[in-house]
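Visitor: Please read through the structure below; I'll follow up with questions.
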Amino acid sequence: MRIIFFVVILAAGLMYSYVAFTNLDFLTMTGRLGPGFFPRGIGVLMVVFTLWSMSAELRPSAAEGRSDVGGYAGQVALIMGFGVAYVLSLGLIGGIPATVIFLFVTLSVLNRNRLLQNGLVALLVPAAIYVLFDRLLNAAIPEGVLPLPF
Amino acid sequence: MDLFADLWMGLSVAISPINLVYLLIGAMVGMIVGIIPGFGPAAGLAILLPVTFGMDPIGAVMMLAAIYYGAMYGGTITSILLNTPGESATVASTFDGYPLAQKGRAGPALVMQAVASFTGGTVGVILITLLAPAFSHVARNFGPPEYFLLALLGMLTLIVMIGENWKLGVLSALIGFALGTVGVDLETGQSRYTFGSAELIGGIHFIPIAIGLFGLGELYFAFYRGLHRIGSGSIAQYDRKKGFWPDLADWVDTKFTLVRGSILGFVVGVIPGAGATIASLMAYSFERSFSKRPKNFGKGEMAGLVAPEAANNAASSGAMIPLLTLGIPGSASTAVLLAAFLLWGMRPGPLFMTQNPEFAWGLIASMYLGNMALLALNIFAIPLFVQIIRVPYRILAPIVLVICTLGTFSVSSSMIEVYLMFTAGIVGFFMRLYGFSPAALVLGLVLGPLAEEALRQTLTISRGSFWIFLERNGSIGIIVTTAVLLLVLPLMQRIGRRAGALKQGTVSEAEDAGV
């Protein structure tokens, strides 16, 4: 996993550098430093440092005593998955209903066998957020396809 | 006398009823942010920043600053009662704080940490009051070359403090710089890395990235470490009626510790990149060497709690000096504060205090009041915070995720920014997991555009010659300062680590938390 992360950064660095060298001018028409000056330097340094870090990573001694998958990786994937589903549902059913459902489902998995507690949190937290954001701060909350009746 | 007139003017701004309300809310939120493990002041500031957009800028910055230094107070409560630092700057407080609680002295430990935090915070603000105008005066002749070098100094010191993972720190900073170049180039009007998207013309906004990295990224990392599986059953008990207050010996033994910790913390805090974590660990180490009972350290010695507490609060005040007078944020939290200033159209730097006296002195004056409010909150609202500690992380985490999401959306009603925040959260998790530095990325994102603008102006002035950096007194001064700091900072880090070696478990916690 670690090396994949480096490969992703390397790919991003190469693409960033490519655009800097091909699409962005080093100097302006008047001879001043152009929009490509800074990105070119950053892009080259990004690629150099990623390769340097990767070469250290690929040495056999680097892998000794280190495990890529450890801790509670499954739980992290679970909460990330719930998070993504929550964000995608915001535009469909609206901020407050999506929050109620997200909290109830997530808590049902993380905080098992406490139905009443989970239900109360899933209702009271969105209610408090609605009052704070919508009524007190006049801040926007995502609206779904059907707006809230209140 | 000007100093007192300025401070008086600042006090008259800070003491308005609405600003006092904001200050109290900030102090309270800061305490709560400090209490929640894996949720530092940078995350708290980033998440609360959108909420402040409807407020008057002075009140908003007072509130954000109170969250920043309030977190230092709150983080210690869990260090003492749960042996879990609320945030990295309170790691050293577990060394003697928790053993004190185990000995049945949780009450005196809680009161003494509040007093130490108040002393450190107040000494820090007094020193800001005295020194900030002098710093501003020295930096008044700075031009683009000096601004570029200052941005570089801020980055370099942070990267040096990352230690053996410095290459990954540089890479993190470069990613931040790269993100900072997205959008329209202000000098030529040419689009950079927008790929035809109208959403990216204005650049990548700081807030979704900061919320993602420090809010969601830290939350995922806390899950990875299994924080959601820790219950609240191991909270140390204390009795508010019997043996709650410190005895005379506690006060007498620690009176000089308070002063030493505060001054050392402030000095370390002023140095960009050093931060409150190193300050508290250094203060602990120094105090042990000063003590007549060094063998008692780690077993419940009050001075071992008071020194790091005074130091981390003084350091958080000290970090305001480079921020206000030079425009350099030395840490992730102060980078978020700098972003807040920039969002309100104010650019901290040498002229900031003379051009915005009401704002600057209002903020400084509010820090005196904020520390008083936090002292009272710390002593008299402990039962409330203990109730918050009892809420398991598995319940808090989904609520934090919701606040991060809706807070990001509220900034500009854009789902794109929510997607960006989630992506930053996932990237932030892997960065923490693999030893990268989210703080360096955020600093790069904030300082990158400023550094690019300054460098282009500098090279235009010098007609492309880099020798200009060696022809100006200000530039030479900054280069020398940078060189000295690059030598001194690793030594400071080593002293801090040696202090941490006392408690191996908690040190790995400090290293986990990063700089």
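Cβ coordinates come from backbone N, Cα and C, glycine included.
No curator has checked TrEMBL annotations; they are predicted automatically.
Remember, it's a predicted structure, so these values are computed and weren't measured experimentally.
The feature transmembrane segment is assigned by TrEMBL to B:20-49, B:61-82, B:110-135, B:147-163, B:169-188, B:200-223, B:263-286, B:323-344, B:359-386, B:393-412, B:418-447, B:476-492. The domain 'DUF112' feature in TrEMBL is assigned to B:20-443.
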Visitor: Suppose I define contact as three or more CB-CB distances under 8 A, residues 6 or more apart in sequence; do the transmembrane segment (B:61-82) and the transmembrane segment (B:200-223) meet it?
Guide: no
Visitor: Mind pulling out the one from B:110-135, B:200-223, B:263-286, B:393-412 with the most Cβ pairs under 8 angstroms to the transmembrane segment (B:418-447)?
Guide: B:200-223
Visitor: Let me check one thing: do the transmembrane segment (B:200-223) and the transmembrane segment (B:147-163) come into contact, meaning three or more Cβ pairs under 8 Å with sequence separation of at least 6?
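Guide: When sequence-distant Cβ pairs are counted, the transmembrane segment (B:147-163) does not touch the transmembrane segment (B:200-223), since fewer than 3 lie under 8 Å.
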Visitor: Determine which residues of the chain contact the transmembrane segment (B:359-386) at the Cβ level, with the cut-off under 8 Å and only residues 6 or more beyond its ends counted.
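Guide: The answer is 6-7, 9-11, 13-15, 19-20, 23-24, 26-28, 30-32, 35, 57-58, 61-62, 65-66, 69-70, 73-74, 77, 81, 110-111, 113-115, 117-118, 121-122, 124-125, 128-129, 132, 235, 240, 313, 317, 320, 324, 346, 352-353.
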Visitor: Is the transmembrane segment (B:393-412) close to the transmembrane segment (B:147-163), in the sense of at least 3 CB pairs under 8 angstroms with a sequence gap of 6 or more?
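Guide: Answer no: the transmembrane segment (B:147-163) and the transmembrane segment (B:393-412) share fewer than 3 Cβ pairs below 8 Å.
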Visitor: Between the transmembrane segment (B:263-286) and the stretches B:20-49, B:110-135, B:169-188, B:393-412, B:476-492, work out which stretch tops the count of Cβ pairs under 8 Å.
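Guide: Highest pair count goes to B:476-492.
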Visitor: For the transmembrane segment (B:393-412), which partner among B:20-49, B:110-135, B:169-188 gives the most CB pairs under 8 Å?
Guide: B:20-49
